[in-house]
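Colleague: Residues annotated as domain 'Phospholipase/carboxylesterase/thioesterase' in TrEMBL: 345-425, 429-538. Positions annotated as transmembrane segment by TrEMBL: 21-41, 53-80, 100-124, 145-169, 189-213, 251-276, 288-308.
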Amino acid sequence: MNSSASCVEIEQLLRLSLYQIASWIQLAIVLTIFVSIFTLFRHFFNHKIIIHGNLMILIANLVFLYFLTATFYGVSIVRYQVLFHFSFSPPNCELLLTPVWLAFLLAAFPYLYLVANPFFHLFIMAERCRATFFARHYENVGFRFGWICAVISWLVALLTVFGIVLSDLSDPIFSQPLAIISLTSQNNAMAIIFLHCAVLFLLIITSIGDYWVQKKNRKLISRYTLNSAEFGNYSIIRNYQIRENLLTMRLILPLDISYAILFGIFLLFGLVFRFYRSQMTKEIYVSVYNSATTLLLLHSAFTLVIYIKFIKYSSPNYDFANFGSSAGTFASNCQCQSEVISRPPVVIPPAGRHLATLIFFHGMGDECEGWADTFRSIFQPILKHTKFVAPNAKEMNGITAWFDHRGFDPSAEEDRKGLQKVTNYAHSGFSQGGPVALYSALAYPQPLGGILCLSGFLLPKDSLPTQIRQIPGLNVANFAVPIFIGHGTNDQNVPLSLAFSMANALRRFDPNVNLRIYQMGHENCAAELNEAIKFIREIVPLA
């Protein structure tokens with residue numbers, strides 16, 4: 001093809017509305033990818049991240065791959081737009097043609113992404129399988145596996161691109177500047193189709209593996225044997241591996257499934273386009289195919305957003321680790337509305353740097369001001385980096401209460417509507433706030449430090465493992481959250497039998513429930529408060 005014909009070809013392509021719209025959308029996605037990568041690095045360096053080094057190596061390489069791909073996508077788009085809108089004129093149309101070396105450079109990275117991306121996700125799945133098989137001691141395993149997988153992914157991708165380039169060099173088309181940048185030639189067209197099919201197969205295998213890892217870890221985390229001799233000294237309180245596996249798969253599994261579906265659609269479109277290519281002009285074909293690649297680029301941007309969430313979830317959530325007492329609960333961020341709060345809460349700032357938040361919900365008929373001295377005199381000297389927040393409940397039927405409690409008789413009517421109001425906005429409670437705190441903590445989407453429940457209970461009709469499936473927004477992130485239950489032997493308000501029932505119900509899915517009994521009534525004692533503080537220090541060491 002002579003240069004004048006090539007000029008006409010590229011000019012017609014750049015004048016197509018479909019091509020221009022797709023190019024500007026792709027450029028916006030590229031900018032989104034850059035912003036997401038910057039945000040990801042900012043979160044990474046500003047938070048203490050608790051994920052295994054092998055997983056971090058693979059994710060870091062994947063992010064670097066996204067950066068490279070977005071960079072060269074952006075350069076290619078900007079180059080064409082600048083040349084077409086500012087430098088192009090009929091006598092100088094050769095400026096729109098791309099030198100062969102530059103064409104190879106710009107077109108190589110989409111193929112690098114095509115091969116490396118599924119391999120990295122495959123190895124992330126393999127690494128999670130390994131972390132599941134060896135959960136008891138995987139936290140102490142080195143990073144060799146991650147580096148080996150990264151090297152293999154890059155080598156396979158680079159060798160694939162190198163093979164495509166070599167096959168192009170013998171094609172006469174690549175002996176002169178190109179009008180349309182593409183590495184597809186008569187020498188490798190079928191091989192590239194088979195490459196796409198192989199990638200789709202890898203994505204399907206990866207999605208199946210992700211599902212298995214998630215299902216396996218759900219079973220592991222629900223077994224009492226995690227603390228038995230079968231699992232040695234493994235404890236979900238001190239160790240993070242199984243929780244990390246679940247969190248990773250909860251985010252990665254939808255990504256891999258969606259990418260497999262999108263890539264399958266992209267591949268199907270590609271095959272259809274190739275079948276009808278003889279009925280299209282080259283400009284129309286390239287424009288339509290280029291538009292289809294927008295789906296894959298968009299998925300990369302969405303993946304980075306998910307990784308940002310993953311980094312946030314993987315950092316210790318000290319600012320949102322909350323406690324309550326006397327059925328109060330260390331659960332999560334308190335977000336209460338005027339429906340249940342009567343006046344501003346009592347807030348005691350930390351003595352040092354703010355690293356944790358303890359939210360205390362008083363009991364029925366009580367007020368939070370009475371507990372302020374306890375926080376200042378007993379808790380704060382030890383928990384120097386903890387902020388204490390104690391809201392007040394509104395009056396209900398002449399008494400302060402979080403919801404209308406109508407007794408412990410199994411036949412008593414339950415105020416589930418009132419409970420739901422509090423559950424939506426609060427994550428800790430006092431006495432009657434016990435079920436509120438437990439339900440909201442178990443439904444909270446981020447891993448929490450633990451739950452501290454003193455003199456608490458579950459609603460009498462509750463069978464927690466059944467009811468728990470009905471909680472809106474239920475999240476497995478807190479299915480093994482450490483729970484401390486303290487109760488008095490002479491509690492006349494909340495019978496001790498209810499504490500045992502609550503502990504047994506929770507232990508059906510959570511192996512980290514610790515029930516402690518004290519010689520006291522419906523109150524607190526020094527021994528209980530000291531053990532509660534010790535519990536907090538164990539699960540949030542920096543508090």
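Heads up, the Cβ atoms here are built off N, Cα and C, so glycines get one too.
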Colleague: What residues elsewhere in the chain lie close to the transmembrane segment (189-213), defined as a C-beta under 8 angstroms and at least 6 residues from its ends?
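Modeller: Residues packing against the transmembrane segment (189-213) from afar: 114-115, 118-119, 121-122, 125-126, 128-129, 132, 160, 164, 167, 183, 245, 249, 252-253, 256-257, 259-260, 263-264, 267, 270-271, 274.
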Colleague: Answer with yes or no whether the transmembrane segment (251-276) touches the transmembrane segment (53-80) by the criterion of at least three Cβ pairs under 8 A, sequence separation 6 or more.
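Modeller: No; fewer than 3 Cβ pairs under 8 Å.
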Colleague: Tally Cβ pairs under 8 Å between the transmembrane segment (288-308) and each listed stretch (21-41, 145-169, 251-276), then give the stretch with the top tally.
Modeller: 21-41
Colleague: For the domain 'Phospholipase/carboxylesterase/thioesterase' (345-425), would you mind checking the mean pLDDT of the predicted model?
Modeller: 67
